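Engineer: Structure below; questions to follow.
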Amino acid sequence: MKKFSVVIAGGGSTFTPGIVMMMLDNIERFPMRELVLYDNDGDRQAVLGEALEILLKEQAPDLKFSYTTDPEEAFMDKDFCMAHIRVGKYEMREKDEKIPLRHGVIGQETCGPGGIAYGMRSITGMLEIIDHMETYSPDCWMLNYSNPAAIVAEACRVLRPNSKVLNICDMPVGTLRRMSQIIGKDPQDLEVRYFGLNHFGWWTSVKDKEGHEYIDQIREYVAENGYLTQIEVDTQHMDQSWQETHKKAKDLLAVNPRYLPNTYLKYYLYPDYEVAHSDRNYTRANEVMNGREKEVFTAARNIIEKGTAVDGGFHIDSHASFIVDLARAIAFNTHERMLMIVENNGAIANFPDDAMVEVPCIVGNDGPEPLAQGKIPAFEQSLMFQQVTVEKLVVEAYVEQSYQKLWQALTLSKTVPSAKVAKDILDDLIAANKAYWPELH
Ligand code: NAD
Ligand code: G6P
Ligand code: MN
């Protein structure tokens, strides 16, 4: 079987050790000959790199491993780039969350003004790594889960239309695991229909391979409990604040009982509730810095100090195995059915062709083929149209360096109450993002 050469862009990510462990766990399904970590923050990456070098020597001595900040070394001779960069790191996530909250607006990583600010930063970083990939390995595929995926995907559509970049999100994967537990099934045995944008969509069907429909049974459960389940199957979304989010799906379903909602809709449908339940001085960025980031980097330092990863603190991120499924779909033409963020082109019949939407796709060696989801109702369609226009305006603002368009983007976001508040937030975001955003005129 062919063995693949892989680069992880954003090697210093809190997710890198879990994903490397997951790839090791799946090495028979997806054989690797080389694995390189790439990051533009050498010091941050070196902590994880050094620890993983120790671990891989013990667990996979035949796998060639290195970590580097040199694009040529990183991207030369690669088949796949797994990308999870965070331009501006946690320092900027904290600002994305706290600045809007100061103005009484939700502060969130990918939704509302925070997501817009992050998008304006991410586009530059994404273009940089796409260009490195294409310079050194023109046939390489990028499997991207860097956020905000909706804006990143739209930027790729506009600015790198022929690049082999696949944008994917783990939220539907995590929530499907919860649904599978609700109905006592294996997630592998379920097939869904779904439409929306990234972090903004609905399941319209959840069936097993025999064609039995479970949506009514799941709806009944969600109407009572949201997606909170007894045994935790969705290992990434476990902190208390995530539990609140799973629970809140109950209220999302109440307003629109027809379909099963993506949990991120809470920021658009209940922004007042979310603001009232946020701590302006301690947001999710603080939780992650004091939680996942600390745990992962402490575990790495322990491994380095002891010189062994036996009984070390890195854990397999089994929920991320969809990344291997996606790589296999491309590498082995498996025709796996997965939700992907793709150009609509008729998949949602009554939605613009040039919108980046999230729908089920069949993925083979040419990439994803979207499955037609038909026409959608006016409620969802209008919400989506508003949101996709925000995303398009952000990319236009980036390209044209237009203050006006970014102001419009913020004004149009359902999370922002007025053009005045939008402008106040925008001016604060510009000041905070000086080192990252293109200058706006
Ligand atoms: P993190 O800050 O721990 O790691 C990101 C790394 O990217 C940092 O080491 C940083 O130095 C590096 N980086 C930043 N800009 C770069 C550039 N231009 N080139 C190379 N490296 C660069 O962040 P994290 O919390 O581990 O998250 C990583 C990313 O994964 C984020 O974008 C996050 O939103 C995303 N994510 C996406 C999903 C999904 O479902 N799509 C799920 C989880 C996380
Ligand atoms: C989900 C989303 C990701 C997002 C992550 C944030 O997995 O799909 O797009 O990055 O949550 O999680 P965190 O634990 O960093 O708040
Ligand atoms: Mn996501």
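A Cβ is built for glycine as well, from the same backbone N, Cα and C atoms used for every other residue.
Quantities reported herein were computed from a predicted structural model and do not represent experimental measurements.
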Engineer: Considering the substrate binding residues Arg93, Asn147 given in TrEMBL, which of Arg280, Arg284, Arg292 is annotated for that site as well?
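Structural biologist: Within the candidate list, TrEMBL flags Arg284.
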Engineer: For the transmembrane segment entry in TrEMBL, name the matching range from 6-24, 253-271.
Structural biologist: 6-24
Engineer: Using a Cβ cut-off of under 6 Å to any atom of ligand 3, determine which of the recorded positions Arg93, Glu109, Tyr264, Arg284 qualify.
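Structural biologist: Cβ < 6 Å from ligand 3: none of the recorded positions.
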Engineer: Looking only at C-alpha atoms, tell me how far Asp170 (active site, proton donor) is from His199 (Mn(2+) binding site), rounded to the nearest Å.
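Structural biologist: For Asp170 (active site, proton donor) versus His199 (Mn(2+) binding site), the Cα atoms are 10 Å apart.
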Engineer: Given Arg93, Cys169, His199, Tyr264 as the recorded positions, which ones have a Cβ positioned under 6 Å from some atom of ligand 2?
Structural biologist: Cys169
Engineer: If you take the centroid of the Cβ atoms of Arg93, Asn147, Arg284, the listed substrate site, which other residues of that chain have their Cβ within 8 Å of it?
Structural biologist: Arg86, Tyr90, Asp96, Glu97, Gln108, Glu109, Thr110, Gly114, Tyr118, Ala285, Val288
